[in-house]
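Enquirer: I have a structure here, written as structure tokens, and I will follow up with some questions on it.
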Amino acid sequence: MGATPGPFREALISTDAIRHNIASIVTRVSPARVMAVVKANGYGHDPIIAARAALEGGASALGVADVTEALALRKAGVTVPVLAWLHDPDTDFVSALAANIEVAVSSRAQLGAVVEAAAALSRVAAIHLKVDTGLSRNGVAFANLPALCEAVLAAHSAGRVVLKGIMSHLANTSSDEDAAQREIFVRAVELVRATGLNPGLRHLAASSAVFTTPAAWFDMVRVGIAGYGVSPFAATVTPAELGLHPAMTLRGRVIAVHRLPAGVGVSYNHTWRPDRETTVALIPFGYADGLPRQASNRGEVWLAGGRRPVVGRIAMDQCVVDVGNAPVAAGDEVVLFGDPSTGVPSAEDWAVAAGTIGYDIVTRIGPRVPRRALGVT
């Protein structure tokens, strides 16, 4: 048998799009810096592809959730500042500090572990203070910040840490609540200074605030989903309206075509039956590959020159598309989502179909789907 020309599942990643998105945000927020966030497998786009393109677009630092992600960037040859901010009690801070990874600290216990690692390596740890200003997740509560600042000052005086920044994260609930969080953040910065510490880079804004809240930009913004050309505003504002270019195109090939009479059930539980004779195409993408099962009978793909509905239950490895009387054959290309300016469905379209957000759609694309960079990096 001859080899199939190329994989039948594929996520094409436009490095040009990532560069464009980051460059436009760099211009927008200047003189604030841009940290490109490449956690969660680069929001599904591959962290190495994403990191290199973002740096070429003008990002000056990279952010990830955990140390393992940061170490993978270093292994790939990334040398710019990398910050990791989510740690469990067993986080390997020795490996992190040995690789010149900056770490966020949310408690005195975390600071103690970082100081211990720094002492073991006879080096100075670069840290950021992570403050909870109202999200009620990761970060030191404002009431506990004075004690943590005193501990940081002691560690700094002992030559074990240097404070590189102070950070928090907005809940994006309303402009009033975001403003209240900003005020707490400003108070936190003032408290750090009053302790005798230089707070370093102040960073509060993520993708949403880049477009809505200049007062939250401070010294640096953390750009995640917007860097990949996905709107941070669900279905209310499109990427095009923000000047963003979608970076991921999810595509594959039809693996089988069937002509069905009216009334025949399709896929599990027969949730769809055609009301007329029609042709259906079998697509090798299922929920194991990241297609949300909730989009069954609601999502659309681009096939045979138009949008075609996904019909029946999305299964683990495959889904079925109704193509009517359009000429379709096994091997034809199908695009599940990509840049809607070309006519194809967008990640946001799939998010609406599944009752979720664009972040969820791109980050859920599974490991069976190879990522391939398009563009020069």
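A Cβ is built for glycine as well, from the same backbone N, Cα and C atoms used for every other residue.
Computed from a predicted structure; not experimentally measured.
Straight out of TrEMBL:
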type     : residues       : note
ACT_SITE : LYS39          : active site, proton acceptor
ACT_SITE : TYR268         : active site, proton acceptor
BINDING  : ARG137, MET316 : substrate binding site
DOMAIN   : 247-374        : domain 'Alanine racemase C-terminal'
MOD_RES  : LYS39          : N6-(pyridoxal phosphate)lysine
Enquirer: Among the recorded positions LYS39, ARG137, point out the residue whose Cβ has the most other Cβ atoms within 10 Å, with all shown protein chains included in the count.
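Expert: Buried the deepest by this measure is LYS39.
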Enquirer: Work out how many Å separate TYR268 (active site, proton acceptor) and MET316 (substrate binding site) at their Cα atoms, rounded off.
Expert: 11
Enquirer: How would DSSP class LYS39 (active site, proton acceptor) in three states?
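Expert: Once the DSSP labels are grouped into three classes, LYS39 (active site, proton acceptor) ends up as helix.
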Enquirer: So how many other Cβ atoms are close to TYR268 (active site, proton acceptor), meaning within 10 Å of its Cβ?
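Expert: 12, counting other Cβ atoms within 10 Å of TYR268 (active site, proton acceptor).
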Enquirer: Any idea what the Cα distance is from ARG137 (substrate binding site) over to LYS39 (active site, proton acceptor), rounded to a whole Å?
Expert: 17
Enquirer: Report, in whole Å, the straight Cα-to-Cα distance of MET316 (substrate binding site) from LYS39 (active site, proton acceptor).
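Expert: On Cα coordinates alone, these residues lie 25 Å apart.
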Enquirer: Grab the pLDDT values for the domain 'Alanine racemase C-terminal' (247-374) and give me their mean, rounded.
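Expert: For the domain 'Alanine racemase C-terminal' (247-374), the model's average pLDDT rounds to 97.
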Enquirer: Which residues in the same chain, at least 6 apart in sequence, have a Cβ under 8 Å from the Cβ of MET316 (substrate binding site)?
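Expert: Residues satisfying the criterion: GLY286, TYR287, ALA288.
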Enquirer: For the domain 'Alanine racemase C-terminal' (247-374), what are the DSSP-based totals of helix, strand and coil residues?
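Expert: Helix, strand and coil residues of the domain 'Alanine racemase C-terminal' (247-374) number 26 helix, 44 strand, 58 coil.
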